[in-house]
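Pulled from Swiss-Prot:
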- ASP304: active site (ACT_SITE)
- HIS59, HIS61, ASP151, ASP304: Zn(2+) 1 binding site (BINDING)
- HIS61, LEU62, ARG63, ASN93, HIS308, PHE322, GLY323: substrate binding site (BINDING)
- ASP151, HIS178, HIS231: Zn(2+) 2 binding site (BINDING)
Amino acid sequence: MRIVIKNGIVIDGFGGEEKADILINYGIIKGIDKNIDVSDAIVIDAEGKYVLPGFVDMHTHLRQPGFEEKETIRTGTESAAAGGFTTVACMPNTNPPIDSEVVVEYVKAVAQREGVVKVLPIGAMTKGMKGEEITEMAKLKKAGVVALSDDGFPIMSAGIMKRVMTYGKMYDLLMITHCEDKTLSGEGVMNSGIIATMLGLKGIPREAEEVMLARNIILAKATGAKLHIAHVSTKGSVELIRRAKEEGVSITAEVTPHHLTRTDEAVYNYDTNTKVFPPLRTREDVEALIEGLKDGTIDAIATDHAPHTKDDKKVPYDMAPFGISGLETAFSVINTFLIQTGIITMKALVNYMSMNPARILGISNGIRVGATADIVIVNPHEEYTVDKEKFKSKGKNTPYHGMKLKGVVEYTIVEGQIRYQKNKKFEKVEI
């Protein structure tokens, strides 16, 4: 399949930004120039639109195997394509967890057969994600995991976590940590503060995140492991990460679109779609997260896409599961609240959502001749109203339902194949 993308504003991920055409032939970018004309090619007119390296999500929950009522690899990757993501890294909190090479191979096989975008498995740090016995990391790496994490089941034992990092360093595996001291978070369901008190809901204090983050930084410094901090949510965490980077610790961090744009005030109406972990914090925290993103303390924007069924969320707030379905609104949310307001540029977004996540995960990305054609075309000016019922994901749990957002994904191209086109039903063609 040959594709020519014409007249778009190309941000290549390497510092370049220009109006140009792109020629794609059999999955590879063959030309970037003015006025490319070839016969027998699909022509995409990108006039007035941005042509960007495909987004890479470091933190996606695809739920398969074990929780297919919430999401499958098929529906999750369809959702990813609709959001402009060409690659997603899937968390190991499945049933069974991704803690053995057998489960890794299963995920890869299903992704190859049914996936719409590229899927990178993340392996568990401990068997069953129980925080007791470390997994066989050499076998997991050989099977194809790109990182290790126990996701929402943080390892409470510092001794075991140090062993995990020591072996992770040995096998050159990225350590992705969900920083939570469960003795501090307890049964909390939202940010600890005046709003939680007013609503009669149990709070989760900042210290629950910051204490565990501080411990993990100390262990990473001691072992030399590559540490990545998932879904940073507090001002104190930003300060800890900034200091760690200044001290030379091998540390990177991510923040979600919802933590960058929403506060605990969103919980006022007890909408369970605002229940997420870590919880939505205060305006002061949001401002610190944005500043951390801008100054390089935080490296990436990741969705923490956590789909749930409608019945899961149709319960009292304190009984509902944590999680937001975030793949399909990520670009629009960042574009609306950060780009259109002048806080960051589209070129910066490419770093946060395309290039830095790829670099951290150890994969290639970017638009240049000879590169794999993983590309997203976006219209930053088109406004739409979020309708959760139109999501490709099984998870309709979004706090943005009914909200007007600016910025839509027009096309998602994965290895030279059109995997998503706005307003067109998708039919998978083998890559």
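Placement of Cβ uses the backbone N, Cα and C atoms for every residue, glycine included.
Fewest Cβ neighbours within 10 Å among the binding-site residues HIS61, HIS231: that distinction goes to HIS231. Compute the center of the Cβ atoms of HIS59, HIS61, ASP151, ASP304, which mark the site for Zn(2+) 1; besides them, the chain residues with Cβ within 8 Å of that center are THR60, MET91, ASN93, GLY152, ALA230, HIS231, ALA302, HIS305, ALA306. In the three-state DSSP scheme, HIS178 (Zn(2+) 2 binding site) falls into the coil class. When the binding-site residues HIS59, HIS61, ARG63, GLY323 are compared by Cα distance to HIS178 (Zn(2+) 2 binding site), the shortest distance belongs to HIS59. Comparing Cβ neighbour counts within 10 Å across the binding-site residues ARG63, HIS178, HIS308, the minimum falls on HIS178. Distance between Cα atoms for ASP304 (active site) and ASN93 (substrate binding site): 12 Å, as a whole number. Cα separation, PHE322 (substrate binding site) to HIS231 (Zn(2+) 2 binding site), rounded: 13 Å.
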